[in-house]
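Okay, so here's the structure we're looking at.
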Amino acid sequence: MALVWMLTRVAALALIFGPERDVLGDVGYFSASLRHLGEVGLVRTMPEYPLPAVAVVALPWRLSLVLHAPWSYGFLFVVVLLAVDAAFTALLQRQALPQRRTAVAAWLVALPALGGLSYVRFDLIPGVLVGMVVLVAAGRSRLAALLLALAACIKLWPVLLVPPLLARSSRRTGSLLVLVGAGAATVLVTLVAAGASRVWSPLAYQADRGLQVESVAATPVMLARHLDPASYQVRFSPSKSYEITGPGVPALLGLSTILTVGLLVFLAVLWTRLARTGRAGSIDALVWASLAATAGFLCTSKVLSPQYLLWLLPTAIAGLAVVGPTRRALARWTGALIMVALLSHGLYPWLYAALVHVGREGGSRSTRGAGGSKPPPGCVALVRLPYGASRLGTPLTAPAPSGVGRGNHPDATRPRPPGGGRGLVEDRRGSAQCLRSSSPSMPCRPSNW
């Protein structure tokens, strides 16, 4: 098992530092944000994430400073996520036979299917924490509550899983106290360290976003844009993602909000019925309710990226090791998720330029007759509907032999000029500016979700 793990992970890493180097954009954004932390303060450092997320991405930064090698941040970031991956693999391996064989095998292929993206987005950490919740929920309810609280402190989406966990817990009061205590501590620390505005900034940041091109809700207008490119614009927005504007977009944004509210109502009814029928106490119910809540939220949201599959894969694969009557159905569903990850890998980064195809100034243009062929709209819709694609990252180049370099200043969101090769240089103030891309149609930018 260890040999297979090493071989599959080496293959994924070869993509990161080879043909898929463009996915390193978030690492550059984190590095630049931490480098300028002293200038802008915690209140303006990565405001789209809860404050504990800053501590998570700061761990490899501190290690790089201890080693007197700040240029090694990207390498250390990947190492930390590899350690998280290895720990989760070991936990799966410790589960009872024969279930663990299927779970371990699925995990070994799941992350490489998504590509090197798995190791340059910190979504893997809350995803694995939720997977650990599934593994320990049967016998250690308070530990499960603590793990879920930690996941929700890093990214907000695990809050959706609180009701099914509490419904499953035999010590509901203790689990609730753990969750409330962790949440209160996070809010208190944020208030003291960065002020009240930093508590709400992740929610405010998301509320202000437009319709991201990868979202399920954007599918109709993205197809319409293919037929009538003059009526729609795809631009790189202040939220560090590609958003579409044009006829029908406001209606789709409203529909997304309505569907999200409807999803929450549906989940409340589902959790209530499970509790009344007594089926909420089964581990199968916990796994399926968690997957339903997360997948439903992804489908109704106005934003979407392929790394969001890391919200689903650990839960589904951990479920393979512990569920009972529904194990066959879960195995089929997990296989479908891995296939979606593989298709997502094909779309981002390889076909992403054809999807957004932005020019020098970040405005949209038709891809007909412009470098490279665009997939037919039916193909794009098929790939985008389940999961979407990621925002394009800023490629990094190494100022030292390690192969990992610095990223953009957090405020530097303008696209880079087209041209061959890659590169980052630092001006006299120390902020990095992106110079060249490996693809003329792929602009330079950090990403946030």
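Quick reminder: no glycine exception, Cβ is built from N, Cα and C everywhere.
Those TrEMBL annotations? Automatic predictions, nothing curated.
The list of residues near the transmembrane segment (71-92) in space but at least 6 beyond its ends in sequence, with Cβ under 8 angstroms from a Cβ of it, reads 1, 5, 9, 13, 16, 24, 27-28, 30-31, 34, 57, 59-61, 63-64, 100, 103-104, 107-108, 111, 118-120, 122, 124-125, 128, 131-132, 135, 314, 317-318, 321, 396, 398-400, 402-406. The transmembrane segment annotation in TrEMBL covers 71-92 (among others).
According to TrEMBL, the feature transmembrane segment maps to 104-122 (among others).
If you look up TrEMBL, you'll see 142-162 (among others) marked as transmembrane segment.
Among the features that TrEMBL reports, transmembrane segment is placed at 174-196 (among others).
The transmembrane segment feature in TrEMBL is assigned to 251-271 (among others). Tertiary neighbourhood of the transmembrane segment (251-271): same-chain residues 160, 163-164, 167, 210-211, 215, 217-218, 220-221, 280, 289, 292-293, 296-297, 300-302, selected by CB-CB distance under 8 Å and a gap of 6+ residues from either end.
What TrEMBL records for 309-326 (among others) is transmembrane segment.
Look at TrEMBL and you will find 333-351 (among others) tagged as transmembrane segment.
Here TrEMBL flags 396-449 as region 'Disordered'.
Per TrEMBL, compositional bias 'Low complexity' is recorded for 436-449.
Against the transmembrane segment (104-122), stretch 309-326 has more CB pairs under 8 A than any other of 142-162, 174-196, 309-326. Listed by sequence, the residues of this chain that lie at least six past the ends of the transmembrane segment (174-196) yet keep a Cβ under 8 A from its Cβ atoms are 41-43, 50-52, 141-142, 144-146, 148-150, 152-153, 162, 165-166.
Tertiary neighbourhood of the transmembrane segment (309-326): same-chain residues 88, 92, 95-96, 99-100, 102-103, 106-107, 110-111, 114, 118, 121, 123-124, 126-128, 130-132, 134-135, 138, 157, 282-284, 287-288, 290-291, 294-295, 298, 333-334, 337-338, 340-341, 344, 387, selected by CB-CB distance under 8 Å and a gap of 6+ residues from either end. Listed by sequence, the residues of this chain that lie at least six past the ends of the transmembrane segment (142-162) yet keep a Cβ under 8 A from its Cβ atoms are 49-50, 52-53, 56, 122-123, 125-127, 129-130, 132-133, 136, 169, 171, 174-176, 178-179, 181-183, 186, 202-203, 267, 289-290, 293-294, 297, 311.
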